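Chemist: Starting off with a structure, shown below.
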Amino acid sequence: MNVTESEITTKHRESSPALNVYLRIRPFIGNELERGESQNLIDILDDKHIAVRLPPTINNTLRVLPISYNEYEVTRIFNQECTQQELFEQILQEPTDEIFTGSNWLLCTLGLTNSGKTHTMFGTNDDPGLIPQCLQRIFRNVGSNIDANVVFKPIGLENMIPTIDCDLNMEVAVRNYIFKDDKSRLRLPSIIQRQNQVEDLSVEDERYSIWISFFELYNENILDLLVQPKDMKTRKNLRLMQNDHSTIIKNLIQIPVFDLKEAENIIRFGFANRSTSKTNLNEASSRSHAIICITLITVNEFDEEPTMSHIYVCDLAGNEPSTSGIGKQLTETCNINTSLMTFKDCIRVLNENQTSKKQMLVPYRNSVLTSIFRPFFIGRGRTIICCNINPCATFITQTNDLMKFSALAQKTVIVPNEAKIANSAVIRHQRKSKNKGPKRLGRHSVSKEKNMSRLDQTESMNEILNEKSISYWKFCAKKALDILQKQASNRRNFLIERHQERVQVVEYLLNQREQLEILTDDKQSLTKQNEILSKNLRLEQDKQLRTQQQYNTLVLNESQLRQKLLNVEKDQREQNQLHQEEVQSLRKQLKVIQEQFEHLTDEHMKTMKEIEQTKQNEQEREQYLHDEIQRLKRDLGLELYRKQDAEKKARMFEDKFHHEQTEYQKMQYDFAKIKHELKTIQVKYDALQQEMIDIHQNTKTRTPDVVQTFVDRTSTITMTEEVEPPKTSVRSKRRTNDENENEQEIKKPKLITRSSSNASTYATPRLCQPLDEPDSNKRPKVVMRNESAVSTKQTKTKAQNPKSESQAKPKTTGTRSRTKKETKESSPTPALASVPIQHESHSPIYATIQRDRSLDRASFTTVAVDLSTVQPAPPNDVSNATPKTSTFKRIQSFFRATPTSTSSTRTNRVMQIKSTVVAFGSSTPTNRLPPSVVKIPGPTVVPTATPSMTQKVSTPKSKYNLRTRLFNNPIAKETVEKKTQITKKPSRARK
Ligand SMILES: Nc1ncnc2c1ncn2[C@@H]1O[C@H](COP(=O)(O)OP(=O)(O)OP(=O)(O)O)[C@@H](O)[C@H]1O
C-alpha cells in the first residue's frame with residue numbers, strides 16, 4: 001500500500017462510523033432470583049455507559065483479586081424492560097432501509113449461553129424478534145414492486161446471475177415442500193405478489209426480488225438448514241469458496257420469497273432444522289451459529305444493470321463459561337468457543353490495526369465464521385454487534401469480559417471498501433452497483449435485452465450473409481429505426497401511463513400530505529403526552545428499580561434467613577431427637593409410676609373401704625354421743641333451773657343478811673352513845689359520891705344514924721373490897737371492870753386468821769369492830785352475833801375444805817353492792833374483800849357465802865360468825881360474847897343504885913352496886929341475860945335487852961328521881977339531852 005492509499009484509508013476511517021455495538025440485558029428468568037443471582041453488580045449509568053462491579057475472586061494463581069469497578073461505553077444499552085420492537089427500531093430498522101440503497105449489513109448476536117441471543121433474533125410468535133421484524137420491514141419497503149419473474153439469482157455476497165442461466169430445481173423442490181399446503185405458491189416464476197394489504201413504500205420504477213438462505217455453522221461445518229427433513233441426515237457440508245473479491249458458499253439453497261408469509265415460513269422451517277440441545281444452563285441451547293442471509297436484488301427500469309445488497313443476520317451460539325459437557329457436546333462447545341474466540345480476535349486485531357503502524361494479519365481463516373464475515377470486516381458491508389448480557393451474578397466475570405470486548409469493538413472502525421468492489425471484474429452485474437446511480441431495468445429491460453439479442457442474431461446472420469453490403473446496413477437501419485420507433489412509442493405510452501399514474505399519485509400524496517399535517521399536529525401533541533408519559537415512565541422505572549433493589553435485598557435476606565432456618569431446623573431436629581430419647585425414658589418411668597399408681601390405687605380402695613367402715617362406726621358412735629349430749633342437755637337444763645332457784649334463795653338470804661347488818665350497825669351506834677353517856681354518868685357519879693362522902697363526913701359528925709348507915713354501907717363495901725385493896729373505891733372497881741372490859745376488847749382477835757383452826761372454824765361473816773384502837777372509848781362497842789348451829793357445822797365443813805374456804809373468802813358483805821353479774825363473774829380465787837361497817841378495821845371479820853356443791857344443791861352455806869374473843873371459846877359459849885351486856889347491866893344496876901337524896905334510896909343503891917359488883921365478878925354473867933339475847937341462832941342480834949332491862953329495873957320513881965336530879969344538875973341535864981338527841985337519830989336513820 002503506497003502513501004496515497006494509506007492517507008485515503010485514514011481519511012475514510014475518520015469519516016467512517018465505527019462498529020455498532022449494543023448491549024441488551026435480559027431480565028431474570030426462572031428461579032434465578034431465588035438462587036440469589038441478583039446482586040446489583042451491573043449498573044447502567046446512562047444510555048451508553050455501563051459499570052460492572054466485580055466481587056473479590058480467586059484466579060488461577062490462587063490470588064484474591066480485589067473488588068473492581070469497571071465502566072464501559074457502547075453504542076447503546078438496553079435494559080431489561082426493552083421490548084423487541086424497540087430494539088428493532090433502534091438497531092435494525094435503519095440498516096434494513098439502507099439495504100435498498102445497496103448497503104450490506106451484518107448483524108450478529110454475541111454473548112454467554114442463555115443470555116437471550118436466540119430470543120433477540122427470532123423472538124416468539126407473539127413477540128417477534130429482529131429477523132421477523134426485519135423481513136416485515138423489507139416487504140413493507142418492497143411493497144407491490146416485487147419482481148415476480150425473478151430475473152437474477154444471487155451467487156455469494158458479491159455475485160448474481162440471470163435465473164435463465166441457472167438451475168432452480170432445488171429451490172422449487174424446497175418451496176414445494178415448504179408450501180405444500182398452499183398450491184398457489186408452488187409455481188415459482190409466476191408468483192405475483194399481492195401487496196395491497198401491506199403498506200407500500202416502494203418506488204414505482206423499481207422491481208425487487210428477495211432471496212433467503214438459511215444455514216448453520218456446526219462444528220466448523222456449513223450446513224444448509226433449508227433442506228427437507230428427509231435430507232437432514234444426509235446433508236453435506238457446504239464448501240466455502242472465497243477469494244479477495246468474492247465469498248461463495250457452493251450449493252447453498254437460496255429461496256426467492258414473494259411475500260412476508262413465505263419469508264416467515266421459510267425462516268421457521270430453517271429454524272426447526274437447527275441444532276439445539278439441552279445443556280446445564282439452557283433448555284434449548286443453540287449448538288451452532290445460525291446465519292440468515294436476506295438478499296435484495298433491485299432492478300430499475302432505467303438502469304442497465306440490477307443492484308444487489310445483503311443483510312446477514314447471525315445468531316451465534318452461546319459462549320460456554322465452562323467445558324463441562326462430554327463427547328459430542330464437548331466438541332460442540334469447543335468449536336463454538338473457538339469460532340467466537342476467532343471472531344473476537346479479528347475485532348481486536350482490526351482495532352489494533354487502527355492505531356498501530358504495523359498492520360497485523362486479521363485471522364479470518366481461523367474459523368469458518370470469520371471467513372464468512374470477512375467481506376464485512378474488509379469494508380464491503382457494515383457490522384452490528386448485539387451483545388446479550390446474562391445478569392446473573394454467577395457469570396459476572398464472563399459478562400465483564402463480554403462488556404470489555406463490546407467497548408473495544410465499539411471503538412473499531414472498518415473503512416468501507418466499495419471502491420475496490422467497483423473495480424473488480426468478477427461479474428458484470430456486480431460492478432454495476434448502487435454507486436453508479438439508479439438504472440431502469442425490469443421487464444422492459446429484459447425484453448429489450450431479448451430484442452437486442454434477437455437483433456444481434458439477425459445482424460450476425462446478415463453479417464454471415466454479407467456484412468459489407470449496403471442493403472444489409474439499410475435493412476439494419478430500417479430495422480433499428482422500427483425498433484426505435486416501437487420503443488419510442490412504447491416508451492411514450494409508458495410515460496403517458498406513468499404520468500397519469502403519477503398525477504394520481506401526486507393527488508394521493510397531496511391528500512396524504514394534508515392528512516400528514518393533521519397527523520403531525522396529532523403527533524406533536526402525542527409527543528408531548530409521550531414526553532410526559534416518558535417522564536412518568538422514567539419515574540416509575542426508577543421506582544421499579546428501587547423496588548427491584550429492595551426486592552433483591554429481600555431475596556438476599558430471605559436466602560440468608562432460609563440458611564438460618566435450615567440451621568435452626570437442624571438444631572431442632574437434634575433437639576427433637578434428644579427430646580424423643582427423653583420422652584422414651586420418661587415413658588418408661590411413667591410405666592413404672594403407673595404400675596405403682598395401680599398398686600397404690602388398690603391400696604387406696606382398701607383403705608377407703610376401711611375408712612367407710614370406720615365412718616359408719618363413727619357415725620353410730622356420734623349418734624350415741626348425740627343422744628348422750630341431748631340427755632346431758634336436758635340434765636343441764638334441769639340443773640340450771642335448780643341453780644336459778646338456789647340463786648333466788650341465795651339472794652333472799654343476802655337481802656336478809658344485809659338487813660340484819662344494817663340493824664346491827666344501828667345497834668352499834670346506839671351502844672357507843674350509851675357507853676359514852678355511861679362514862680359521863682360515871683364521872684358525875686364519882687362527883688356525887690365524893691359529894692356524898694363529904695356530906696357523910698359532915699353528917700357523921702351530926703348524926704349517929706347516918707354513921708351507922710354509912711358503916712353498913714362501908715362494911716358492905718369492905719366485904720366487896722376483900723377481893724380488891726380496901727382503898728379502892730367502887731369507882732375504881734368500876735374502872736377495873738372497865739379496864740378488864742377494855743382489855744378484853746383489846747385482847748379480842750380483830751383478825752380471824754386462817755392458821756387458827758378455831759378462828760377459821762368460827763369465822764363470823766361480817767361483824768367487825770376495830771377494838772384494838774388505843775382509845776376504845778371513842779369507838780362503838782362490837783356486838784357479836786352468833787349464827788345457828790347449822791352454820792357452825794358448815795363452817796367446820798369449810799375448815800375441812802380449805803380450798804372451798806379460800807374460794808369463799810371473796811364473798812364478803814361488801815360484795816352486796818355489786819351487781820348480780822359481778823357476783824357471778826367473781827372468780828373463785830381467794831380475795832380479801834372485807835368491808836368495814838363504820839371504820840376501817842384492822843381485824844376484819846369475814847363473811848363467807850359459799851355454795852357448797854358437795855352438799856345438797858338447794859342448800860347454801862350459812863354465815864359463820866367468829867366471835868373473835870380473846871379467849872378462844874366454843875361458839876356456843878356466849879358468855880364471852882356478852883361482855884357488853886354485863887357492862888350494860890352494870891350500868892343499869894348503877895342507875896338503879898344511884899343514890900337518892902334519901903338514905904333508904906342510897907342503901908338500895910349500894911346494895912345494887914354490891915350485886916352489880918358480884919355480877920361483874922361472875923364468870924358466867926350470861927346466865928342472867930334474858931333468853932332473847934342468849935338465844936342462838938336468831939335472825940337478829942339486836943340487843944333488845946337493854947331497854948327491857950332498863951324498864952324492868954327502873955321504877956317511875958327512880959326515873960323521876962334520876963330525871964329530877966339530872967335536871968337539877970346542869971351537867972347531867974346536858975348529858976340527858978345529848979342522849980335524847982342520839983337516841984332520836986337512829987330512829988331517823990331507820991326511817
Ligand atoms: N428479553 C427477554 N425477555 C424475556 N425472556 C428472555 C429474554 N431474553 C432471553 N429470554 C429467555 O431466556 C432463555 C434463554 O434465551 P436464549 O435461548 O435466547 O438464550 P441464548 O443466548 O440463545 O442461549 P444459547 O446460546 O445457549 O442458545 C429463553 O427461555 C428466553 O425465553
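Cβ atoms here come from the backbone N, Cα and C positions, even for glycine.
Unlike curated entries, TrEMBL annotations are predicted automatically.
I grabbed these lines from TrEMBL:
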type     : residues                                                       : note
BINDING  : Gly111, Leu112, Thr113, Asn114, Ser115, Gly116, Lys117, Thr118 : ATP binding site
COILED   : 509-543                                                        : coiled coil
COILED   : 569-635                                                        : coiled coil
COMPBIAS : 428-445                                                        : compositional bias 'Basic residues'
COMPBIAS : 446-455                                                        : compositional bias 'Basic and acidic residues'
COMPBIAS : 753-763                                                        : compositional bias 'Polar residues'
COMPBIAS : 788-816                                                        : compositional bias 'Polar residues'
DOMAIN   : 18-412                                                         : domain 'Kinesin motor'
REGION   : 428-455                                                        : region 'Disordered'
REGION   : 717-843                                                        : region 'Disordered'
Chemist: Could you tell me which three-state DSSP class Asn114 (ATP binding site) falls into?
Modeler: coil
Chemist: I'd like to know which of the binding-site residues listed (Leu112, Thr113, Ser115, Lys117) lie near ligand 1, counting only a CB under 6 Å away.
Modeler: Thr113, Ser115, Lys117
Chemist: Are there any residues at least 6 positions away along the chain from Lys117 (ATP binding site) with a Cβ closer than 8 Å to its Cβ? List them or say none.
Modeler: Thr109, Leu110, Gly111, Ser286, Asp315, Leu316, Gly318, Cys386, Asn388
Chemist: Along the coiled coil (509-543), what average pLDDT does this model show?
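Modeler: The average pLDDT of the model in the coiled coil (509-543) works out to 89.
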